[in-house]
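Per TrEMBL, the feature transmembrane segment maps to D:21-40, D:46-65, D:72-93, D:99-124, D:131-151, D:181-205, D:226-246, D:266-291, D:298-318.
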């Protein structure tokens with residue numbers, strides 16, 4: 001029984017990480033159908049916002065507010081300048097966003113240097129849960145990820161922006177007849193996706209090395225979370241993260257982690273054969 | 001990369017054109033004679049973009065420092081050193097392409113550098129058949145035995161064996177290994193097992209994680225259950241930082257040992273590395289006249305940046321090459337290789353020289369990180385490298 | 001053509017989407033080498049029926065036979081290879097290929113130069129042979145698609161509103177052309193345009209709310225009260 | 001019907017019956033490459049040989065991506081399987097040296113084709129197309145790379161396997177730079193010309209038609225998943241052929257020959273040459289290789305920025321590829337001149 005607690009907490013941590021990094025992807029790839037290979041760099045931008053904020057004397061919480069704003073602004077600018085021209089052609093999206101990703105990585109490295117950036121996270125100690133000590137920050141991460149997820153769902157289900165976005169995805173012609181400007185909605189949706197990714201970057205920074213290349217580690221997996229969960233639905237992300245995260249954690253207790261990760265990816269391919277729409281389609 | 005570097009490259013390019021013209025003028029001379037006058041050409045090849053940028057930069061700086069010192073002091077046997085810097089992007093394709101360029105197009109006399117194992121394998125596939133000298137300057141698993149390949153970093157018997165001796169005597173008899181999933185940690189784990197067992201100790205388990213692992217939680221959970229006397233980490237590069245962050249947050253209260261830690265890591269993350277033990281051939285804290293001069297010169301040229309063993313080994317490689325050329329009286333590869341076995345250099349870490357297996361006799365220093373610096377716990381002095389069955 | 005064409009027969013064919021019944025209990029024979037029309041108001045289930053015959057949609061219950069072979073639930077490409085060709089409602093040709101290339105793709109066997117010329121003149125596209133399909137006007141796209149169906153040398157030709165969007169002249173030409181097929185191939189046409197159906201003098205079946213409410217010669221249908229109420233009466 | 005798909009009797013497909021500009025360019029390039037060793041010697045020639053093999057790899061991707069419009073992000077998997085097949089066969093098994101290269105090559109090519117068939121079956125028959133296919137194949141490369149790194153007893157792990165013998169067959173050895181260069185050139189030339197020939201026939205038309213409207217092609221009686229699967233497998237086999245020869249040429253394999261970076265690089269090569277032209281893949285590979293050599297030697301950190309910017313320009317300025325961009329300009333110039341007359 002006691003062994004089960006750290007196991008479930010570890011699984012929850014991984015699920016939360018996947019959830020955080022995939023929510024932005026669920027909007028940009030899942031809803032808007034843009035293959036964004038620069039998604040990882042939006043995460044990196046978030047983490048480096050934390051580096052800058054702390055460098056200027058601010059703290060983690062300030063960065064947690066600043067990063068989504070920075071992500072939103074950069075996302076908005078990039079959408080206007082580049083992404084808006086590539087909605088029609090997935091191949092163009094792949095090339096442009098991959099190019100963008102290379103440029104962002106190198107520019108961040110030129111500005112900040114190659115060595116890992118030092119940052120300070122909140123909650124250094126651990127907390128006792130039913131007699132098992134577990135790092136406090138991880139518990140915070142789990143709670144924060146769930147809260148962000150719930151908030152995102154609410155925005156998409158209840159606000160006008162969410163409705164407009166879903167309408168304009170169904171049919172941009174219909175949406176414009178209804179008085180929605182699809183260009184504006186697309187820009188805001190893309191920027192929101194970037195903002196969520198940047199938020200994930202701040203949350204990940206206390207757990208991992210902050211470098212210009214940190215984002216690429218999350219790219220392929222967030223695609224998979226969205227695909228397996230069901231592109232086109234935000235709630236699918238929870239299903240996808242839940243399945244991949246718990247499976248990977250469980251397998252890693254039994255077989256080498258490398259093999260476990262390969263196995264989970266292979267399983268995802270098989271799932272797509274039988275449920276091409278994902279576990280929880282729109 | 002800094003602007004000055006670009007200008008330097010441009011200067012070199014102009015120099016190169018001058019050399020080409022000189023080549024036309026002396027076309028009648030036998031090639032060997034022509035090659036023995038004019039500047040000596042060295043190739044620097046390493047990962048300057050991508051995941052190993054930080055190590056590659058330090059390595060390149062140390063290389064440039066050695067070259068500029070030698071050139072300022074009238075060069076090698078009166079000849080100036082020209083150098084060409086190439087980026088292997090930490091890929092085999094990059095390493096092969098650039099090694100070929102250095103050897104065929106730039107016609108360098110020797111190539112120095114490299115970090116990741118796969119790049120030295122790739123570069124060797126070019127340099128060894130071409131019978132050109134390659135000097136590798138990173139501590140590694142140490143199983144290469146080739147006439148044209150020299151290494152100035154530590155190999156397991158210089159790094160792991162002494163560490164295990166001290167750890168089993170002072171920290172305890174059991175350890176748990178966590179490493180990145182590639183050859184250096186895997187082969188080193190075998191060496192650790194053998195060394196631990198020889199001292200009556202035990203490796204409880206060894207786990208290897210793919211590059212870019214974001215969560216070590218489950219592994220740390222298992223470490224906790226296994227309850228080893230100390231934890232041995234061989235995660236590489238950024239994954240080492242990730243591991244340290246999570247290791248500290250779990251607060252296991254275990255001593256951490258990692259021979260991947262050095263001044264570059266400890267100065268970037270003083271809090272994270274605090275208290276960890278490492279074994280390197282070089283730490284900035286070594287007190288010697290040579291090291292003081294080395295650090296001062298480095299600081300003058302590049303500012304207050306950390307130097308690590310990989311960098312110092314690169315610095316040593318240039319000087320060892322210089323000594324060998326002067327001894328051989330020629331840059332002809334075969335003669336230089338014969339001479340390399342007979343020369344030594346007063347390095348920042350102490351005297352270094354090559355053993356008969358082409359690996360440098362280097363120091364082995366056990367130290368503990370203390371707010372970014374390293375306090376020497378025990379200096380094992382110079383250790384002879386052992387590559388089973390290799391004598392060249 | 002000397003090949004005997006088997007009978008296309010539907011027995012109690014139904015198809016539902018969730019709780020909605022698009023087609024209910026349709027039984028009908030489409031006689032060999034005969035012109036057949038299916039008419040009915042929008043949403044009557046005409047296209048659904050056609051989709052089931054050519055395998056794009058699975059049959060919920062009932063059976064479709066082509067000769068001795070049960071084709072309900074067979075994959076579309078297999079049904080096509082049995083000799084059932086289909087023309088879609090919206091002209092569906094390959095826009096990035098030229099007219100000739102479209103025929104090369106559709107033909108069941110490699111076309112000889114003569115066969116190609118024959119098809120081109122049949123559908124009146126000889127001058128457009130190297131035009132890219134996307135550049136053809138709407139009417140010519142319709143003809144191209146009919147030509148593609150013919151190049152498969154089909155035994156059954158299913159046509160979904162072949163005159164949609166055509167001019168009066170073009171419609172007349174289509175009707176004339178279809179009559180020349182009588183006796184060579186079984187033709188099933190879905191149509192809206194009553195004048196066109198009358199012109200064809202075809203065996204006609206009327207669908208309403210997914211059910212067959214009448215079937216017979218066009219004269220019979222025209223004089224059927226029920227049909228007049230639900231469909232013809234509205235005109 | 002399938003038997004007639006590959007059938008291209010001359011004179012049948014009128015628009016393609018003349019030697020098109022692409023074929024003329026292809027033949028021109030091959031002829032130029034034939035006499036290259038007269039001007040380039042020694043080890044530099046081995047660099048050109050590797051460019052030829054990478055061009056073959058790019059050709060294999062263009063065969064699938066360019067012709068079906070479905071982008072595979074996993075082609076490095078097949079290149080890598082070819083390389084590892086060659087290396088594992090020649091290092092782990094004691095096979096008669098007279099045939100070891102052939103066995104290694106066949107093993108690699110066979111493995112690649114098999115993996116393509118299995119994975120292709122799962123996703124192509126599952127109806128996965130477009131962007132989804134791209135992401136799934138991306139995962140394929142990640143898995144393959146995990147296996148290559150994480151199974152050191154077979155693959156040599158991170159540092160790979162060294163000691164792959166030069167390609168030889170029944171005593172004919174291609175060890176020296178010149179013969180291995182010609183081997184690569186012959187294989188590339190044969191693959192290029194034969195795939196151009198096949199693709200100019202009905203199969204090429206049908207694949208283009210699938211891009212336009214797959215359902216319509218099905219109603220014409222074609223098993224479109226099967227056609228896509230076969231093209232994918234052929235493309236994978238060709239990639240493995242390139243990989244196997246590359247491993248034999250350089251004497252070793254390493255996990256970055258089966259990694260995502262290589263998968264993206266090959267996409268760049270094809271995109272630069274203009275996808276769908278086949279010969280463009282070869283030209284694109286050479287151009288990018290040359291640029292990469294030059295730029296990264298001048299300033300290492302400039303290369304990623306240059307290539308990134310190039311990608312963006314590629315889409316925004318010349319979406320059909322720089323080659324097509326230039327060709328269009330030339331055509332327009334010519335047309336303007338004719339108009340003037």
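Using the three backbone atoms N, Cα and C, a Cβ is placed for every residue, glycine included.
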Close approaches to the transmembrane segment (D:298-318) from elsewhere in its chain (Cβ under 8 angstroms; 6 or more beyond its ends): 268, 271-272, 288, 291-292, 324-325
The transmembrane segment (D:21-40) and the transmembrane segment (D:226-246) contact flag, 3+ Cβ pairs under 8 angstroms: no
Remote residues contacting the transmembrane segment (D:181-205) - C-beta distance under 8 A, at least 6 residues beyond either end: 4-8, 13, 16, 20, 22-23, 26-27, 30, 33-34, 36-37, 45-46, 48-49, 52-53, 55-56, 59-60, 63, 67, 167, 174, 227, 231, 238, 241, 245, 249, 278-279, 282
Folded-back contacts onto the transmembrane segment (D:46-65), same chain, C-beta under 8 angstroms, at least six residues removed: 33, 36, 40, 71-72, 75, 78-79, 177, 180-181, 184-185, 187-188, 191-192, 195, 199, 231-232, 234-239, 241-243, 245-246, 249-250, 266-267, 269-270, 273, 275-278, 280-282, 284-286, 289
Cβ-Cβ under 8 Å with the transmembrane segment (D:99-124): same-chain residues at least 6 beyond its ends: 74, 77-78, 81-90, 132-133, 136-137, 140, 164-170, 225, 228-229, 232-237, 239-241, 243-245, 248
